[in-house]
Amino acid sequence: MKAQPIRAAVRIIGIDPGLRRTGWGVIESEGNRLIYVGCGSVEPPDDLPLANRLLAIHEGLAKVLNDFQPLEAAVEQTFVNKDGVATLKLGQARGIAMLAPAMFGISVAEYAPNQVKKTVVGAGHADKGQIAVMLKILLPKAEPPSADAADALAIAITHAHHRQGQALRMKVAGL
């Protein structure tokens, strides 16, 4: 009988970037098992100038990264809406969300919002309520304080599923 390989848990942080509230969620993925670790959000004061809000987001994420020590990160891609200025500002928050883990030497994956919904719920156009229901099933101990924290957990789950699929494809290919 062949011994089963030991599967080490991988700690993953999901980040849902935003200027008002940047959600974060940390899980551990071990084989098919997902374990809730923590979640929350970084909320810079609205009255700060943009540069200072971006700094507050960076400092908040750096604290979370230092406290939870994830090995991998995933960030939601920005969707382009009709308000070009708002899209550009959100892109700046997303840049900070990608920079913070990179400064800790953590690789960062990116996922489109509909890819996150499809992975977690099974439908690319799922609503926040459907995501919340699936989070309760997949991570029963999680009680996200905001929709942004819930989205961040969904992003982390998406990364866990996609990295597992990638590892399986590499194993089948003999790499």
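All residue numbers here begin at 1 and follow the chain in the order shown.
Cβ from N, Cα, C; glycine included.
Over in Swiss-Prot, the protein carries these features:
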BINDING   Asp16, Asp148  Mg(2+) 1 binding site
ACT_SITE  Asp16  active site
BINDING   Glu76  Mg(2+) 2 binding site
ACT_SITE  Glu76  active site
ACT_SITE  Asp148  active site
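Taking CA atoms as the reference points, Asp148 (Mg(2+) 1 binding site) and Glu76 (Mg(2+) 2 binding site) are 11 Å apart. The residue listed as 'Mg(2+) 2 binding site' and Asp16 (Mg(2+) 1 binding site) are 6 Å apart (CA-CA, integer value). Residue environment of Glu76 (Mg(2+) 2 binding site) contains 24 other Cβ atoms, counted within 10 Å of its Cβ in all protein chains. Under the DSSP three-state reduction, Asp148 (Mg(2+) 1 binding site) is assigned to helix. The Cβ of Asp16 (Mg(2+) 1 binding site) has 29 neighbouring Cβ atoms from other residues within 10 Å, across all protein chains displayed. When other Cβ atoms within 10 Å of the Cβ of Asp148 (Mg(2+) 1 binding site) are tallied across all protein chains shown, the result is 23.
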